[in-house]
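The following features are taken from TrEMBL:
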- 18-450: domain 'Major facilitator superfamily (MFS) profile' (DOMAIN)
- 20-46: transmembrane segment (TRANSMEM)
- 52-72: transmembrane segment (TRANSMEM)
- 84-102: transmembrane segment (TRANSMEM)
- 108-129: transmembrane segment (TRANSMEM)
- 141-161: transmembrane segment (TRANSMEM)
- 167-188: transmembrane segment (TRANSMEM)
- 209-228: transmembrane segment (TRANSMEM)
- 234-253: transmembrane segment (TRANSMEM)
- 265-289: transmembrane segment (TRANSMEM)
- 359-381: transmembrane segment (TRANSMEM)
- 393-415: transmembrane segment (TRANSMEM)
- 427-446: transmembrane segment (TRANSMEM)
Amino acid sequence: MQPSVNNESLFSQGRTAACIGGIALISLLAFESIAVAAAMPAVAAALGGLDFYAIAFGGTLATSVAGMTLGGEICDRYGAARSAWLGLAAFIAGLLAAGAASDMYTLVLGRLMQGLGSGLLGVAIYVGMSRAVPPALHPKLFAMFAGAWVVPALIGPGIAAGLVHIFGWRAVFLAVAALAPVAGALLLPALSRQEAPAGAAKPMRWRRLGWSLLAASGALALHGGSHLPQTQYILPMLAAGFALAFFAARRLLPAGSLRAAEGLPSVVAMRGLIAAAFFASEAFVPLILTTRYHWSLGSAGLALTASAVMWSLGSATQTRLRGDAARRRGLTLGFAAMGAGLCFALGAASLSLHAGWVVAGWAVTGLGIGLSFPMLSVLTMKLSRPDEQGSNASALQLSDALSSSIALALAGLLIHALSRPSAPPDALPILAMSALLALIGAWVSPRAFASAAPARAEAGAGQLS
């Protein structure tokens, strides 16, 4: 009797090196993002470039949006290996340029290259590994990928601080540049052996790349608008960024995504909702603990640790769900848990209950995203034809990036509008906004299982998304 594939390990049948390489590369992408955020104050001080501080972050996000779209096109036409090679080369080149920079201009150029590379590489890893692993193992695969983002969030800031203290800020970039080829050497041979996708004969859709640049401009405007020192320009900049992101999203995301239509469009919409709900509130939970409860930054970080641990637990739990009915309930439960956790944290802080209750609410939020987040990746692959897996995977990540940018911009606007000169900033409305987004996701979630037919990755001209 053949062993059940549900009991099969990811690390078997010649997949060990590829799985280790893919997980390692995702961990390096995550660590680079987190570590650079921790090290950037030292970088700006050393290079005298505080004026370029925002673009060093926002520019990377913008070029990653273009990289995601280009990566999807390449994966569907030439295979994941080519996108991975290009992404790895751009990512390493950007790291080396940033690590060797003698001025902020060079550092920003390196950061732009990193963003392009991470977008190309991220899509290639998801598509290539989903093709290398049997569909029944996709829940385990994407749970591993989720964990590869969580672990660097726990240890990344500490490692970055240690590298800066011992070797200087350049080590944050150069250490990742040294490790990335090793991880790539494990993954790339497996991707290179994959057969050409069914859509290899289709021409590249260059118009999509143009729309991705428009989306990148919108993301950059949203990111920069919330940091403008001239307050009279904040609203126009955010409005322009939102408009650019909205119109580009209509062209780049599957038709019906912006109204969460049944099947794949609802999955893409939920990825945006879950990313916006979690990452907007994650940025402000430590602020609530430090301003309302006078916790130290180190103590406030315990809330993020608790959430990360529960995220891992939720990811492990969803791998045990079998069948569409159980996974549908699990997806809805995950969004509902996020909404409940955020409401609990909001209520505890509003009523000035013990800070531990705020941490508990945020931990439940982490459990919820752990349940739902990997399922959305699994559903995307399940609802995609082989020749559209790249485009749909890039659409999923685009939804994540654009929604997070919009949510963080709105959060910054709320903080600015509600702040008073004599009082600390009030972040509770952001928790309320995030809870609402999570509950909308719970309401939308049954639509993901309403259609099993693969959906196309691009809305036609004039279609309402």
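In case you wondered, yes, glycine gets a Cβ from its N, Cα and C as well.
In TrEMBL, annotation is done automatically, which means it is predicted and not curated.
On the 0 to 100 pLDDT scale, the domain 'Major facilitator superfamily (MFS) profile' (18-450) averages 86 in this prediction. Comparing 20-46, 141-161, 167-188, 359-381, 427-446 for CB pairs under 8 angstroms to the transmembrane segment (265-289), the maximum falls on 427-446.
Just going by CB pairs under 8 A, the stretch in 52-72, 84-102, 427-446 that sits most against the transmembrane segment (167-188) is 84-102. Counting residues 6+ beyond its ends, the transmembrane segment (108-129) has Cβ neighbours under 8 Å at 18-19, 22, 25-26, 29, 32-33, 36, 52, 55-57, 59-72, 74-75, 79-81, 83-84, 86-99, 101, 141, 145, 173, 187, 190-191, 194, 377, 389-390, 393-394, 397 in the same chain.
Here the transmembrane segment (20-46) sits apart from the transmembrane segment (427-446); fewer than 3 CB pairs are under 8 Å, leaving out pairs fewer than 6 apart in sequence.
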